[in-house]
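Shown next, in structure tokens, is the structure this report addresses.
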Amino acid sequence: MKIAELNLPQALKDFYTGSGIPELYPPQAEAIRQGLLDGKNLLAAIPTASGKTLLAEMAMLKSIAEGGKAIYIVPLKALASEKYDRFLEFSKLPIKPDGVKVGIATGDFDSRDEYLGEKDIIVATSEKTDSLLRNGASWLSGLSVVVADEVHLIDSPNRGPTLEVTLAKLRKINVNLQILALSATIGNAKALAKWMDAALVQSEWRPTTLKEGVFYGRAITFKKEKRTVNNAGPDEVNSLVADTLEEGGQCLVFANTRKSSESIAQKVARSLSKKLQPAEKEQLAKLKQDVLRHAETDTCEKLAECVGNGVAFHHAGLKGEHRRIVEDGFRQNILKVIACTPTLAAGLNLPARRVIIRDYKRFDVNYGSVPIPVLEYKQMAGRAGRPRLDPYGEAVLIAKNYDEFGELMENYINADPEHITSKLGTEPAMRAHALSAVATDFCRSRQDLKAFMDTTFFAYQRGDLSHVIDNVLNFLLEENMIIESKGGSLKATDLGSLVSKLYIDPLSAALIAEGLEKAKKRPDVAEFGLLHLICSTPDVKSLYLRRGDYSWIIRYADEHASDFLSDVPDSYGDDVEFEQFLAGVKTAALAEMWINEKSEEAITTFFNIGPGDIRNLMETCTWLMHGTAEISALLGAPATRTARELAIRIENGASRELLDLITLKGVGRVRARKLYDAGYTSRDKLKAAEIPAIAAIPGIGDKLAVSIMSQLGRKVDHTPPETEEQPQVSGQSTLFSFDG
Ligand SMILES: Nc1ncnc2c1ncn2[C@@H]1O[C@H](COP(=O)(O)OP(=O)(O)OP(=O)(O)O)[C@@H](O)[C@H]1O
Ligand SMILES: [Mg+2]
């Protein structure tokens, strides 16, 4: 089917043809026949790289040309930026008088982001979309198309419920909404399609060949052929990498932990360094400098070292800047190999000729080491052989012995993907969704709520949710977050409505509210008490306890005995409860070090975590502390001011004395400290200073000095020299990092 024949705006057809896409792939053509361009709901459960994004683009842009508006929901941040960059290419498309406006929804979870109402396409994670609904963003009722990319995420215990409830809500408030769900091939696509009243496109067709196989005994056995690996040595990963690089391809290596992704990268870097050409080395040296520019810790140094040799690692413990450098370096074929955790598994278009899945098992707290599902294996494998980037792709698992070889062939290469199942039927999953449905007046009674939950995938698959809903409503009634009238109508209290908007788990909010009630009876509220309070809620993923931790944490807890705002369990009582308490103390201790300006290096070493972990954890803590301040204000507790200050300090990792300086744009904790130590201890003192004196402080420079002065309202007619580096204004970040 030719693009030129489609019922699409001419400008869009010209755009595709001009960019080398004159014809649809067969599954895309099938989607057109099933009514994609006639506003029909559609589920495309087709292989990786089969061009699902193009389906979304055509549906969205056709609708936008007719005055509509679209939201594109994704699971991961890396994918959100890839899609955002792609859709920006349509900005100048003359299908609307002022072009197509694209937005990406990041940022705080309690804002409505009304400016997004101006946009035609909004890219957002499912959590952000949910939070926009809770905060009553008006434009969400004016959507014409919703795209749920990687919709098999519904299967995820942590994140699936939010996605399915969000989809159900969007459908309820937009009667003529077209839903387009994009999924990998799954076992029960029919059921999912039926739930969405959608036509189904299913196919095994892939534009480029993806050969999947197992490496054992110096050769890769694919389904239909065998490939001998040239010069295979004792190290499997190194042999597989060298083999692909020799033929000019690039490699992705998937590992199950961050640590092993790092050691794989180091190992590959050592053997690759000898084979690089001088011109390649030169480019890599530049990239290494880019990494070092943002380096504060050992992990960053390690990354820089690997990058200098053409290899990188990539996981959620890396800083955002480093992740981008790595992704871009690989896209430009400067980096030859990335060793990563599954952060790069979903949806991304990367030029990987060969994907090596080094670990097919993953650690699970309840079950120990377990094999990953076929669906997940397929996601990783599917990064190889992307059309227009590679002529074909190979995905390779590694077997240690003949038995394992047989198992891997049977359980992955020749296996069908699993069915996906909804995880909405538990109280933790239901709590927040029930509260938000009531708080937004979306459901006004128990029956209403049950009727709405009846439209979810869970109800479709498993039936009745009444029991869970009743339990959750009883909890919310007890915690004074909702009230039920005699006539049976439900309403949120001020507390309930605040909690829903703040996007925190109602159980966390209940624990915080209880702690704040205790604070009312205290002469003062200790900072550590508040830190510990938020760190003991289910929203904060506590640090694990290691064997060597117990003695110092118990001592630490003793020293802070009078600070705690939550119940301190008896050390001779319930083991699990006591351990949870200690894990909360450990996490709070990290937060305390962070706000007392301990270096990232010191914290990562002491707690044995990555710099990105500190950021992720502190982002969540900032959010909860902000929530604590709001709840404290509502309850009239004496912690509002301290909590507000703490939220700013956690966000920036700064001591109390830096509060005045830290909120200046371009001034992080390191620069604020330098200004402070140079005698500029407040905004007033800075305002009275001379620009050259400020600029001369190491790390400040002309441009930032000028920017600070103009932020302070001083007139500046000082033009800084062109060569000066731009001040680093910290960007707005999203609240949660979802990647593993
Ligand atoms: N009809 C077409 N002709 C040529 N190239 C195409 C066509 N449709 C899509 N492509 C290209 O195929 C590539 C892969 O597409 P896309 O990322 O949409 O795959 P996907 O199906 O979403 O895969 P995944 O399941 O991995 O997310 C893109 O680079 C896209 O430009
Ligand atoms: Mg995709």
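Glycine too: its Cβ is placed from the backbone N, Cα and C atoms.
Per Swiss-Prot, the range carrying the annotation motif 'DEAH box' out of 97-100, 149-152, 653-656 is 149-152. Per Swiss-Prot, ATP is bound by I46, P47, T48, A49, S50, G51, K52, T53; the candidate from Q10, Q28 named for the same site is Q28. Local packing around the binding-site residues Q28, T53 was summarised as the count of other Cβ atoms within 10 Å of each Cβ; on this measure the leading residue is Q28.
Below 8 angstroms of C-beta separation, residues 43, 52-53, 56, 72-75, 79, 83, 163, 181-184, 186, 192, 346-347, 375, 420 of the same chain, each at least six residues beyond the ends of the motif 'DEAH box' (149-152), sit close to that stretch. Report note: the ATP site is defined by Q28, I46, P47, T48, A49, S50, G51, K52, T53, and the residues of the same chain whose CB lies within 8 Å of the CB centroid of those residues, excluding them, are Y25, P27, A44, R206, P207. Every protein chain shown contributes to the tally, and the Cβ of G51 (ATP binding site) ends up with 20 other Cβ atoms within 10 Å.
Across the residues annotated as binding ATP (Q28, I46, P47, T48, A49, S50, G51, K52, T53), the widest Cα-Cα separation comes to 13 Å.
In sequence order, A184, T185, S203, E204, W205, R206, L210, G382 make up the list of same-chain residues 6 or more apart from P47 (ATP binding site) whose Cβ falls under 8 Å from its Cβ.
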